[in-house]
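J.: Copied straight from Swiss-Prot:
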type     : residues                         : note
DOMAIN   : 22-167                           : domain 'VOC 1'
BINDING  : H25, E89, H117, E163             : Zn(2+) binding site
BINDING  : R29, N93, R113, H117, R147, Q148 : substrate binding site
ACT_SITE : E163                             : active site, proton donor/acceptor
DOMAIN   : 182-322                          : domain 'VOC 2'
ACT_SITE : E318                             : active site, proton donor/acceptor
Amino acid sequence: MSTDSTRYPIQIEKASNDPTLLLNHTCLRVKDPARTVKFYTEHFGMKLLSRKDFEEAKFSLYFLSFPKDDIPKNKNGEPDVFSAHGVLELTHNWGTEKNPDYKINNGNEEPHRGFGHICFSVSDINKTCEELESQGVKFKKRLSEGRQKDIAFALGPDGYWIELITYSREGQEYPKGSVGNKFNHTMIRIKNPTRSLEFYQNVLGMKLLRTSEHESAKFTLYFLGYGVPKTDSVFSCESVLELTHNWGTENDPNFHYHNGNSEPQGYGHICISCDDAGALCKEIEVKYGDKIQWSPKFNQGRMKNIAFLKDPDGYSIEVVPHGLIA
């Protein structure tokens, strides 16, 4: 069982040496899937890759991403959503759209802060923000507002924050011109950066891509992922995880963040995928034992060939194999 003193010094070889390992998707619960899918496809240009309905459990999953021409097919001839980068999974529990009292927790309101936002990176941020405003999209922060004038935050139908940044930056060799919109990163707040960085690097094999310290506001941002393609930058690639540390939280024994899966619910998880998810999970179990919490362990839940483990703050991470038929 993970505690505030748990450390993660042991490197998982299957994670650090597996070139097939990738940060696959981010899961958000939504109240009304028709409204939300329309929002992301019409305003941002995402495509609905797949919809999966689970009648017995009364929920549906919607998988979206920005247009890609390199998504392989699974054995059923469908897009293998678990082999792609930059996928957004929307989870709809049936009936919530008809409940006037049902409200999603967006992760940014006390006392239920934890998940922060998803981030889309664009070529021309001024043009993008102007177009979104003309289409009636609401904003939490416009470019002209706040301290940082080069980022904006749009609001999704359920109140989730969508950060908007540009990858067109002076002094960067790549990308060459516009490469379309990108699902750049997912942000979660963390209590103790030492523990979280150890976990994501040693247990899950991620690399620290960039650090951004903000002394006046007393917080630090850590950006992790499984590398940056040669023709991309850390701002134009997809599947980055941003960890936000507000200074001092690590010294408060009573402090904790909301993981999105206890009530009130909202954020669900990030998902990593690889060719042999079972072997990855087995090595983690063998080397860390009960220091890491699983719910469930690989192949032991209602849905087979998947696992969920928890990070130091209790956020869930799904582990699945490429080609999974859900």
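The backbone N, Cα and C atoms fix where each Cβ goes, and this holds for glycine too.
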J.: Give the residue from the binding-site residues N93, Q148 that has the most other Cβ atoms within 10 Å of its Cβ, counting over every protein chain displayed.
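T.: Most Cβ neighbours within 10 Å: N93.
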J.: Out of R29, N93, R147, which of these binding-site residues is nearest E318 (active site, proton donor/acceptor) by C-alpha distance?
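T.: Looking at Cα distances from E318 (active site, proton donor/acceptor), the smallest one goes to R29.
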J.: Of the binding-site residues E89, H117, E163, which one sits closest to R29 (substrate binding site) when you measure Cα to Cα?
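T.: Going through E89, H117, E163 one by one, the Cα closest to that of R29 (substrate binding site) is E89.
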J.: Return the single residue from the binding-site residues list (H25, R29, R113, H117, R147) that has the minimum number of other CB atoms within 10 Å.
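T.: Counting other Cβ atoms within 10 Å of each of the binding-site residues H25, R29, R113, H117, R147 gives the minimum at R147.
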J.: I'd like the number of other C-beta atoms within 10 A of the C-beta of E318 (active site, proton donor/acceptor), please.
T.: 20
J.: For the binding-site residues listed here (E89, E163), tell me which residue's CB has the most neighbouring CB atoms inside 10 Å.
T.: E89
J.: Can you see whether DSSP assigns E89 (Zn(2+) binding site) to helix, strand or coil?
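T.: DSSP call for E89 (Zn(2+) binding site): strand.
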J.: In the domain 'VOC 1' (22-167), how many residues does DSSP put in helix, strand and coil?
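T.: Taking the domain 'VOC 1' (22-167) as a whole: 28 helix, 53 strand, 65 coil.
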J.: How long is the line from the C-alpha of E163 (Zn(2+) binding site) to the C-alpha of Q148 (substrate binding site), rounded to the nearest angstrom?
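T.: For E163 (Zn(2+) binding site) versus Q148 (substrate binding site), the Cα atoms are 12 Å apart.
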J.: How do the residues of the domain 'VOC 2' (182-322) split into helix, strand and coil according to DSSP?
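T.: Split into helix, strand and coil, the domain 'VOC 2' (182-322) gives 29 helix, 50 strand, 62 coil.
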